[in-house]
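Colleague: From Swiss-Prot, here are the annotated features:
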- 3-23: transmembrane segment (TRANSMEM)
- 24-43: topological domain 'Extracellular' (TOPO_DOM)
- 44-64: transmembrane segment (TRANSMEM)
- 65-71: topological domain 'Cytoplasmic' (TOPO_DOM)
- 72-92: transmembrane segment (TRANSMEM)
- 93-105: topological domain 'Extracellular' (TOPO_DOM)
- 106-126: transmembrane segment (TRANSMEM)
- 127-137: topological domain 'Cytoplasmic' (TOPO_DOM)
- 138-158: transmembrane segment (TRANSMEM)
- 159-220: topological domain 'Extracellular' (TOPO_DOM)
- 221-241: transmembrane segment (TRANSMEM)
- 242-294: topological domain 'Cytoplasmic' (TOPO_DOM)
- 266-288: region 'Disordered' (REGION)
- 268-288: compositional bias 'Basic and acidic residues' (COMPBIAS)
- 295-315: transmembrane segment (TRANSMEM)
- 316-333: topological domain 'Extracellular' (TOPO_DOM)
- 334-354: transmembrane segment (TRANSMEM)
- 355-359: topological domain 'Cytoplasmic' (TOPO_DOM)
- 360-380: transmembrane segment (TRANSMEM)
- 381-394: topological domain 'Extracellular' (TOPO_DOM)
- 395-415: transmembrane segment (TRANSMEM)
- 416-425: topological domain 'Cytoplasmic' (TOPO_DOM)
- 426-446: transmembrane segment (TRANSMEM)
- 447-467: topological domain 'Extracellular' (TOPO_DOM)
Amino acid sequence: MAFLIHLLVCTFGMGSWVAINGLWVELPLLVTELPEGWYLPSYLTVIIQLANVGPLLVTLLHHFRPGCLSEVAVVFTVLGVGTIACTLFAFLWNVTSWVLGSRHSIAFLVLTFFLALVDCTSSVTFLPFMSRLPTYYLTTFFVGEGLSGLLPALVALAQGSGLTTCVNVTEISATTLSPETTRNMDSPQGASSTLVSKLAGTAPSGIHLESRYLPANFSPLVFFLLLSFMMACCFISFFFLQRQPKRWEASIEDLLTSQVTLNSIRPQEGKDLGPPEESGKAQDPPEEKTAPQHLAHLTFIYVLVAFVNALTNGVLPSVQTYSCLSYGPVAYHLSATLSSMASPLTCFLSIFLPNRSLPFLGVLAVLGTSFGAYNMAMAVMSPCPFMQGHWGGEVLIVVSWVLFTGCLSYVKVMLGVILRDHSRSALLWCGAAVQLGSLLGAVVMFPLVNVLRLFSSADFCSLQCSA
C-alpha cells in the first residue's frame with residue numbers, strides 16, 4: 001500500500017509543472033515556427049510571471065480569511081484547467097493573428113497564460129496538501145515535480161525538435177522573370193524550405209549558407225496531446241489520494257496521543273531536577289536567545305528560495321536561446337532537454353544523499369549561480385560567444401546548463417524539506433517565495449531582452465566570428 005501511495009504522490013507532483021516544462025523543452029522547435037522567433041522565451045517568462053495573480057490571490061485568502069478555500073476543490077480546479085488547456089494547445093498552438101501590423105501567436109500566448117496560472121498556483125496549493133502526509137512523502141513529491149521536466153524532455157529528445165542543416169543558397173540577380181518563377185516556403189514542423197526557380201535572363205550573384213530546419217519525428221500536436229495525458233494522470237492520482245484521508249488522520253491522531261503521553265511524563269521528570277519555578281527560569285533565557293536566531297534562520301531560507309527561483313524560473317530561461325543557439329541547434333536542443341532531466345535526477349539523488357546544512361546549501365547555491373553567470377555571459381556575447389564554432393564550446397554550454405539546473409534543484413528540494421518539518425504555513429510561504437522570486441527575475445529580464453535588446457541573434461550557418 002505504501003508503494004501505491006508513493007506512486008500516486010509522484011504522479012501528483014508531476015502535474016505541478018509538467019505543462020510549462022513541456023513548453024520550455026519544445027522551444028527549439030517553436031522558435032522556428034512561431035513569428036516571435038528568438039524573443040519567444042522572454043515572452044513566455046513574462047506571461048508565466050503574470051500568472052502569479054493566482055498564487056497571490058490564494059495566499060492572501062489564506063492569510064486574511066483562513067479556511068474560506070476548500071483545498072481539495074482548488075486542486076481539482078487547477079488540474080482540470082491544466083488538462084483542458086493542454087488539449088487546446090494541441091490544436092491551436094500555431095494559430096496566428098495580425099496585431100499592430102505584425103503577426104503574433106495570440107492563441108499560443110493566451111493558452112500559455114492559463115497553463116502558467118495552473119502551474120504557478122500549484123506552488124501554493126499542492127505543497128499545503130502534502131502537509132497532510134508524513135514527511136517522507138514530500139521527497140517523493142519533489143521527485144514527481146522533477147519528472148515534470150524529465151518526461152517532456154525525453155519526449156522532446158525522441159521528437160528531435162528544432163534541428164537544422166546548412167544548405168548552399170545561390171543569390172541571383174534577375175533581369176527578366178518568367179511567369180514560371182515560384183518560391184515554395186510551406187514546410188510543416190520546420191521542414192527544409194526549397195527555392196525552385198525557372199528564370200529567364202538571370203545571373204548568379206553569390207553563394208552563401210542558410211539554415212534549413214529538418215522535420216521533427218512527430219508534430220507538436222502529438223507532443224501537446226502527450227502533455228494533456230500526463231495532466232490527466234495527475235488529476236486521477238489526486239482523486240485517489242484525497243479519497244484516502246482516514247489512514248493519514250489515524251497516523252496523526254497516534255502522533256498526537258504519543259505527544260500527550262510525553263507531555264504528561266515531562267513534568268514528573270522535571271520534579272527530580274528541582275522546583276518547577278527554577279527549571280522554568282532556567283529555560284527562559286535560552287528561549288529568548290534562540291528567537292532571533294530562529295527568525296534569521298527562516299529569513300535566510302526564504303531569501304534563498306526566492307533567489308534560486310529567480311535564477312531558474314525568471315532570469316536564465318529568458319536568455320537560453322542567446323546563450324545556446326549561437327553554438328548551433330544541437331547545443332540548444334541538448335541544453336534544453338538535458339537540463340530539464342537534471343532536475344528530477346537531482347531530486348532522486350536527494351533521497352539517498354540528503355543534507356540540510358544551511359552553510360552547505362548556501363555554498364551549493366553559489367556554485368550553481370556561478371554556472372548561471374557563465375550562461376549569462378555567453379548570452380551577452382551572442383552571436384559570437386566564447387569558443388563559438390569549436391566542439392569544446394558546445395560541450396561547455398551544455399554541461400554548464402545541466403550543472404546550473406542540478407545544483408539549484410538540490411537546494412530547492414532540501415529547503416522545502418526543512419520548511420516542511422517547520423510547519424504547514426511555512427510551506428505555503430515557501431510557495432509564495434518561489435513565485436515572488438520568479439516574478440522579480442522575469443520583470444528584470446523582459447525589458448533587457450525585448451525593449452533594450454541587449455542580446456543579439458544571428459543565423460548559425462551564415463555566422464562569421466573573428467577568431
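Every residue gets a Cβ built from N, Cα and C, even glycine.
Give me the structural setting of these features: burial, nearby parts and distances.
Modeller: Distant neighbours of the transmembrane segment (3-23): 30, 44, 48, 79, 82, 85-86, 112, 115-116, 118-119, 122-123, 126, 130, 133, 137, 140-145, 147-149, 151-153, 155, 223-224, 227, 230-231, 233-238, 240-241, 244, 340; these residues of the same chain sit at least 6 beyond its ends, with a Cβ under 8 Å from one of its Cβ atoms.
For the topological domain 'Extracellular' (24-43), the DSSP-based tally of helix, strand and coil residues reads 17 helix, 0 strand, 3 coil.
Remote same-chain partners of the transmembrane segment (44-64), defined as residues 6 or more beyond its termini with a Cβ less than 8 Å from a stretch Cβ, comprise 20, 23-24, 27, 74, 109, 112-114, 116-121, 123-125, 313-314, 317-318, 428-429, 431-432, 435-436, 438-439, 441-443, 445-446.
Non-local neighbours of the topological domain 'Cytoplasmic' (65-71) in the same chain are 58, 125, 128-129; each lies 6+ residues outside the stretch with a CB under 8 Å from one of its CB atoms.
Here the topological domain 'Extracellular' (93-105) has Cβ contacts under 8 Å with residues 30, 33-36, 111, 220-221, 224 of the same chain, all six or more residues outside its ends.
Residues 6, 9-18, 21-22, 25-26, 28, 126-127, 130, 217-218, 223, 226-227, 230, 333, 336-338, 340-341, 343-348, 350-351, 354, 409, 413, 416-417, 420 of the same chain sit 6 or more residues outside the transmembrane segment (138-158) yet have a Cβ under 8 Å from a Cβ within it.
Across all of the topological domain 'Extracellular' (159-220), the predicted model scores a mean pLDDT of 55.
Note on the topological domain 'Extracellular' (316-333): residues 24, 27-28, 31, 38, 40-42, 44-45, 156, 160-164, 211, 372, 375-376, 378-380, 382-385, 388, 393-394, 397-398, 401, 404, 441-442, 445-446, 448-449, 455-458, 460, 463 of its chain, located 6 or more positions outside it, place their CB under 8 angstroms from a CB of the stretch.
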Colleague: Against the transmembrane segment (295-315), which of these stretches has the most C-beta pairs under 8 Å: 106-126, 221-241, 360-380, 395-415?
Modeller: 395-415
Colleague: What residues in the same chain, six or more past the boundaries of the topological domain 'Cytoplasmic' (355-359), come closer than 8 Å to it by Cβ-Cβ distance?
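Modeller: For the topological domain 'Cytoplasmic' (355-359), the nonlocal Cβ contacts are 297, 300-301, 414, 417-418.
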Colleague: Which sequence-distant residues neighbour the transmembrane segment (360-380)? Criterion: at least 6 residues beyond either end, Cβ under 8 Å.
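Modeller: The answer is 304, 307-308, 311, 315-316, 319-320, 322-324, 326, 386, 396-397, 400-401, 403-404, 406-408, 410-411, 414-415, 454-455.
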Colleague: Short question: which residues 6 or more past the ends of the transmembrane segment (334-354) have a Cβ under 8 Å from it?
Modeller: 21, 24-25, 27-28, 139, 142-143, 145-150, 152-154, 156-157, 320, 323-324, 397-398, 401-407, 409-410, 413-414, 417
Colleague: Any residues 6+ beyond the ends of the topological domain 'Cytoplasmic' (416-425) with a Cβ under 8 Å from its own?
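Modeller: Counting only partners 6 or more residues beyond its ends, the topological domain 'Cytoplasmic' (416-425) has Cβ contacts under 8 Å with 127-128, 130-131, 135, 138-139, 142, 298, 301, 350, 354, 356.
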Colleague: Cβ under 8 Å, sequence separation of at least 6 from the ends of the topological domain 'Extracellular' (381-394): give me the contacting residues as numbers and ranges.
Modeller: 322-323, 325-328, 330-331, 455-458, 463, 465-466
